[in-house]
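Here's the structure we're looking at; comments come further down.
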Amino acid sequence: MSITDVLSADDIAAALQECQDPDTFEPQKFFQTSGLSKMSASQVKDVFRFIDNDQSGYLDEEELKFFLQKFESGARELTESETKSLMAAADNDGDGKIGADEFQEMVHS
């Protein structure tokens, strides 16, 4: 699966443009601009599986660091503060990782 199978390349480019500078990544803005927030729950979970590098069923901080690069290989890494903020926004049960349901809830919140 390629991310452009479910999201428009133009929307992805626009979303990445908005957060190209360090410490400018805002999850909800990214989800809105990329079109992710308009997708169904099952489509969002498909994107989650694409982002889940090790197919563990969870996203950890290491995977979140490379979140933007899953949308475009040349995109920057998230900063440590952006990574921790993204984790805090989605990790509802406080286990230090984001499951598919938590990811979907964050995207649609």
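Using the three backbone atoms N, Cα and C, a Cβ is placed for every residue, glycine included.
As the structure is a computational prediction, the values presented were derived from the model and not from experiment.
Classification of Ser2 (N-acetylserine) by DSSP places it in coil, neither helical nor stranded. The N-acetylserine annotation in Swiss-Prot covers Ser2.
Residues annotated as domain 'EF-hand 1' in Swiss-Prot, with sequence analysis given as evidence: 39-74. Panel annotation: around the domain 'EF-hand 1' (39-74), residues 1, 3, 6-7, 12-13, 15-16, 19, 25, 83-84, 86-87, 96-100, 103-104, 107-108 of the same chain, lying at least six beyond its termini, place a Cβ under 8 Å from a Cβ of the stretch.
Every protein chain considered, the tally of other Cβ atoms within 10 Å of the Cβ of Asp52 (Ca(2+) 1 binding site) stands at 19. As annotated by Swiss-Prot, Ca(2+) 1 binding site applies to Asp52, Asp54, Ser56, Tyr58, Glu63.
What Swiss-Prot records for 78-109 is domain 'EF-hand 2'. Long-range contacts of the domain 'EF-hand 2' (78-109) within its own chain (CB-CB distance under 8 A, at least 6 residues past either end) are made by residues 22-23, 25, 27-28, 31, 36-37, 39, 41, 44-45, 48-49, 51, 57-61, 64-68.
Look at Swiss-Prot and you will find Asp91, Asp93, Asp95, Lys97, Glu102 tagged as Ca(2+) 2 binding site. The Cβ neighbour count for Glu102 (Ca(2+) 2 binding site), using a 10 Å radius and every protein chain shown, is 20.
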**Study point:** Least surrounded among the recorded positions, given as Ser2, Ser56, when other CB atoms within 10 Å are counted
**Key:** Ser2
Exercise for review: With an 8 Å cut-off on Cβ-Cβ distance and a minimum sequence separation of at least 6, pull the same-chain contacts of Glu63 (Ca(2+) 1 binding site), or say none.
Suggested key: Ile51, Asp52, Asn53, Asp54
Check your understanding: How many whole Å apart are the CA atoms of Ser56 (Ca(2+) 1 binding site) and Asp95 (Ca(2+) 2 binding site)?
Key -> 14
Check your understanding: Taking the domain 'EF-hand 1' (39-74) alone, what is its mean pLDDT?
Key -> 96
